[in-house]
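K.L.:
So TrEMBL says this about it:
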- 135-184: domain 'LRRCT' (DOMAIN)
- 187-229: repeat 'EAR' (REPEAT)
- 233-275: repeat 'EAR' (REPEAT)
- 279-326: repeat 'EAR' (REPEAT)
- 328-371: repeat 'EAR' (REPEAT)
- 373-416: repeat 'EAR' (REPEAT)
- 418-460: repeat 'EAR' (REPEAT)
- 464-509: repeat 'EAR' (REPEAT)
Amino acid sequence: MGDVVATTWAELDSALCEGSPDLPENFSPSLLSLSLVRTGVSQLKAGSFLRVPTLHLLLFTSNSFSVIEDDAFAGLSHLQYLFIEDNEIGAISKNALRGLRSLTHLSLANNHLETLPRFLFRGLETLTHVDLRGNPFQCDCRVLWLLQWMPTVNASVGTGACAGPSALAHMQLHHLDPKTFKCRAIELSWFQTVGESALGVEPFSYQGEPHIVLAQPFAGRCLILSWDYSLQRFRPEEELSAPSVVACKPLVLGARLIVLAARLWGGSQLWARPSPGLRLAPVQALAPRQLLRPNDAETLWLDQQPCFVVADASKAGSTTLLCRDGPGFYPRQSLHAWHRDTDAEALELDGRPHLLLASASQRPVLFHWSGGRFERRTDIPEAEDVYATHHFQAGGDVFLCLTRYIGDSMVMRWDGSMFRLLQQLPSRGAHVFQPLLIARDQLAILGSDFAFSQVFRLEPDKGLLEPLQELGPPALVAPRAFAHVALVGRRFLFAACFKGPTQIYQHHELDLSA
């Protein structure tokens, strides 16, 4: 193995502690092994061993240094054994071991390391033995990468036990299951403001490009937005004149774009763009006798035909199903007359189209499609004063978010015959409780007129919504609708507000194990 040199702090003071990359002159450049015991060195800096490139073994024992910097062992391409034991090391840089391409045995045992930087062992393909025992590891997300790395290497790894958190204290690291670690977080941060208030926001894709349409009653228009690739922002593309509009519902049929503009006064209209490059133009007045005070509009497909359903909140009008017949859309069925419907939700249950109507006068009623028309199937028990409903699917189940302005909003799950209560969430002043699937996360956003809007995330293990974050700043002022838009590798959340501008938030994924 060659000479083993034991040295003292006096010999290494100028070489290591004060940052010189050179060892004392009496060190042979052909040295094969070196032991550094009780030197008092406070840190190992980059290039500390450039003068002894032939080292095969390097041992540090009972020293006082606490930091190992990047490239501390640069030039030691022949080093096979590196033992850094019984020192006071509390931190090691992620590139500290870079260049040790011949290393087979590594020991960091009995130090003060609570974690190790990710990719510390990158490039050490020749490792056969690693000893990490005797360190006070904190077994949180910072050690997840280590747990995932150990099964992938052809090396024996001694890890020792966890020092914390308290729930895992004294548990051996190799007994931990990486699947139990929750190390991925998300954040919604403000991105852009779109002037003028809005009651609704609807995303759609046209000619392969994402678009958004806002229902802006005070501006008297449906405003279509698209993505500006130069400015990296959303910009207005086209607007449709629609005084007192409450909903703008897009429908894309090949190259044809249709927008239903539901209006409180002046009658609801259908606008159409026959082909790309043309502007939208009004083409049809919709059911003027039935739609007296529309409050919501949805699209659905029935018997392979596109349809709209418009919820009407007047006593004299009625919620109406309009389906395509020739060049236009005409009433197919009047539903739920005299019940002052506030919301319509189209969904599929048991392989069949269903429609759920919420109203100011009774509990939400569920209809199913049968024989070319909707027939009443059941209502939702224990669901009084529901303003709106939105559904989502997760794990093969169908869930329902029910918005209540007074009292608790609710989450229900379909059991095959009816929706059953699963969860209640305080929601004073809420007009919207909307589920959205963003990336891998099933979220639900509870908007409030009196407090911050809350974002919840479905926890698959529990099957319940758990609080994630509040939206803002800027705070949302009377939010009424939310929508998710994905483009060019980025994800955005639109929040339409009745008493303030529309706010756009960007979705970020955070890796807590990094």
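Heads up, the Cβ atoms here are built off N, Cα and C, so glycines get one too.
Whatever TrEMBL says is automated annotation, not expert-curated.
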K.L.:
DSSP-wise, what's the residue breakdown of the repeat 'EAR' (187-229) into helix, strand and coil?
P.N.:
0 helix, 31 strand, 12 coil
K.L.:
On the DSSP side of things, how many residues of the domain 'LRRCT' (135-184) fall into helix, strand and coil, could you say?
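P.N.:
Going through the domain 'LRRCT' (135-184) residue by residue, I get 21 helix, 11 strand, 18 coil.
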K.L.:
Count the CB pairs under 8 A between the repeat 'EAR' (464-509) and each of 187-229, 279-326, 328-371, then give me the winner.
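P.N.:
Per the Cβ under 8 Å count, 187-229.
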K.L.:
For the repeat 'EAR' (418-460), what are the DSSP-based totals of helix, strand and coil residues?
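P.N.:
Per-class counts: 0 helix, 28 strand, 15 coil.
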